[in-house]
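Among the features that Swiss-Prot reports, FAD binding site is placed at Glu34, Gln42, Tyr47, Val87, Phe121, Asp286, Ser326.
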Amino acid sequence: MTELYDVAIIGGGPVGMFTAFYAGLRDTKAVLVESLATLGGQVTSLYPEKKILDVAGFTGIKGSALIDSLDEQMKLFPIDIKTSTTVTNVTKTNDLFTVTINNGSSFQAKTIIITTGKGSFEPRKMQVSGVDQLVGQGIHYFVTNKHDFDNHDVAIAGGGDSAIDMATMLNEFTHSTRIIHRRDQFRAMEQSVKQLSQSSVIKETPKKVSQIEKQSDGKLKITLAQVKNDQVTNDICVDDLIINYGFISENKIVHGWDIQPENEGQAFSVDQAMQTTIPGVFAIGDASHYEGKADLIAVGFGEAPTAVNAAIRFFDPQRRGPGHSSSMVIQDGKLI
């Protein structure tokens, strides 16, 4: 018999995880589907060591610690979690949605909440000869353990939030840290730039990487040049180069489903209840778009209760609204 859920949450990043918890708090039968082998989305895959500063109640929480806490929170309820599972199609028949997954099986749901972010992601590559051959041999696009760089000479290429945060974080453990950016000004949050300016991180600006050579001692010789005229400015020798030019995202699989809500780029247009142009289908976090939207984890957390409560009103209009969580008691995965 086909499994029927009240809510199907598609996307197991931090916003999807909190949505699943809140769906449990509202005593719904929920399933959380994630294409990767582990939950946590980009936080787990890209910056588990990075401190996240804009989550309410924390002066800064490491990415992996945030995901661990969200996982513990979800365990309060019997949420059905499907990892290594890609949703290949979503169709609607009468009042139910049929969700087909990559093994060919399917289940049904009364409502859908899309929490896929901007979709799959891959790093923007550095367009310098020889870089691809040196990935894993001193050149990195991802950092999963900051202590891999203890006492190393490290350079970070990039000028956005992630590059600056990486530089200031690693600078506590490295022998030396440099940041290479094409402009004099960094494109990051003001406090992050201020923290960088007060640190001992060496700024190589405005410069670009023009050549990289692996030396006999294992170090990387990086030739830097002026951005405007390609004139060489200086060489630096480092153990590691971390390329942090951001990521390219696409929701190709989502945009291949039979149901197709209106979208704005990679995100779906939503109303004030976080509902898309298809009744019963909601989108939150980076997967949603409305005027003034800020793509932050904190914003997605706030949108989760709105979407879950709206979903409940959709499939059960007579159910009473949400109470205050401080008046609830959870025992053995149930609200009592």
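Cβ atoms are placed via backbone N, Cα and C, with glycine included.
Location within the structure of each feature annotated in Swiss-Prot.
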{"residue": "Glu34", "record": "FAD binding site", "DSSP (3 states)": "coil"}
{"residue": "Gln42", "record": "FAD binding site", "DSSP (3 states)": "helix"}
{"residue": "Tyr47", "record": "FAD binding site", "DSSP (3 states)": "coil"}
{"residue": "Val87", "record": "FAD binding site", "DSSP (3 states)": "strand"}
{"residue": "Phe121", "record": "FAD binding site", "DSSP (3 states)": "strand"}
{"residue": "Asp286", "record": "FAD binding site", "DSSP (3 states)": "helix"}
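The binding-site residues under consideration are Tyr47, Phe121. Their Cβ neighbour counts within 10 Å are lowest for Phe121. Cβ neighbour count for Glu34 (FAD binding site) (all protein chains, 10 Å cutoff from its Cβ): 25. For the binding-site residues given as Gln42, Val87, Asp286, the lowest number of other CB atoms within 10 Å of the residue's CB is seen at Gln42.
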